[in-house]
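If you look up TrEMBL, you'll see 1-20 marked as region 'Disordered'. Per TrEMBL, S-adenosyl-L-methionine binding site is recorded for G124, E147, I148, N182, A183, C202, T280, E281, E282. The active site annotation in TrEMBL covers D205.
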Amino acid sequence: MSSDIQESKKSKRSNTASLDDIYISEETRKRLLYRKEKEQKRKVLKHVRIDDKELEKEIDKGVTELPKKRFYRQRAHSNPFSDHQLEYPKSPRHMDWARFYPDFISKDSGTLPTDKRVEIADIGCGFGGLLVDLSPEFPETLILGMEIRVQVTNYVEDKIIALRAQHKGTGKYSNINVIRGNAMKFLPNFFEKSQLKKMFFCFPDPHFKQRKHKARIITNTLLSEYAYVLRVGGIIYTISDVLDLHEWMKSHLNEHPLFERLTELEEKEDKCVQIMTHSTEEGKKVERNKGSKFIACYRRIPDL
Ligand SMILES: C[S@@+](CC[C@H](N)C(=O)[O-])C[C@H]1O[C@@H](n2cnc3c(N)ncnc32)[C@H](O)[C@@H]1O
């Protein structure tokens, strides 16, 4: 059974049974209570304009507090080939994006304007540091993190709720959101052809062993999917502290007919490269450990 299913069974149990009825350590009890309280707030606040009047009471009840990472602990890896209980739309047209970016809903139509679509995706966004730092750089662009681990996704959702509440009335952080999903399986269900202008792959899981290489997030087949959802001129950003993985990503991107590498100068001058180098949680860990960071960015070129 996958850890995520176990995780969701556990959390269902914790929602229905009283925590007094089961034996758990004090630490687990604290974590489950914390998660339960956050989950209730998330249900109310996840898909609403955070500055709506009726929510002010909720906001007063501690919603502006940033979530504590230690309460969202989950195994480091989630198997991208397992049958997670994931929800995904039949096609991008079946996705209700307005619920993710309520501040952008047009008053006239009650939905998002047709030209307001997600244009930047952070694949395997982890704890969401990149989303938060990209947000003010592209205030009019909808940015989405996709993350396979359920508790990590919950953490990012709670962080975005808290940030929006802290800045209520300003619209800040209203352009970012996160979705739980497996980018290796369902990307074209979420995004139309040529919809994205940027895709980030920051410190992806290295899957060191040869027999696990097929689980890497950059492969020939997946690159063709990324080329499909990226517009011509759009950019794939990659960064890793693992040289072998960096070489792997470069060689697959070099071989793919629909991508060309940015020049050294272009990479150096791209503000997104600066941001992704320093903003993600994994990148910060690498900095603390004085590790190296290897970067490679590729442009989507026209079909042959
Ligand atoms: C090493 S972490 C890096 C997180 C973040 N990008 C950073 O730099 O801090 C890799 C993340 O990718 C997620 N992930 C792995 N495979 C995935 C997939 N197929 N779809 C979505 N997320 C995935 C993992 O759960 C994990 O959070």
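We number each residue from 1, going along the chain as drawn.
Even glycines carry a Cβ here, placed using N, Cα and C.
Binding of S-adenosyl-L-methionine is attributed in the record to G124, E147, I148, N182, A183, C202, T280, E281, E282, and the widest Cα separation among these residues amounts to 20 Å. In the three-state DSSP scheme, A183 (S-adenosyl-L-methionine binding site) falls into the helix class. Spacing of A183 (S-adenosyl-L-methionine binding site) relative to D205 (active site) is 13 Å (Cα to Cα, whole number). The two recorded residues, I148 (S-adenosyl-L-methionine binding site) and D205 (active site), have Cα atoms 12 Å apart.
Cα of E282 (S-adenosyl-L-methionine binding site) to Cα of D205 (active site): a span of 11 Å.
Proximity of T280 (S-adenosyl-L-methionine binding site) to non-local residues of its own chain (separation of 6 or more, Cβ distance below 8 Å) is seen for G126, G129, L130, C202, F203, given in sequence order. Sequence-distant neighbours of G124 (S-adenosyl-L-methionine binding site): residues of the same chain at least 6 apart with a C-beta under 8 Å from its C-beta are M146, E147, I148, A183, F201, C202, P204, D205, I217. Following the DSSP three-state reduction, the secondary structure of G124 (S-adenosyl-L-methionine binding site) is coil. A sphere of 10 angstroms centred on the C-beta of A183 (S-adenosyl-L-methionine binding site) encloses 23 other C-beta atoms.
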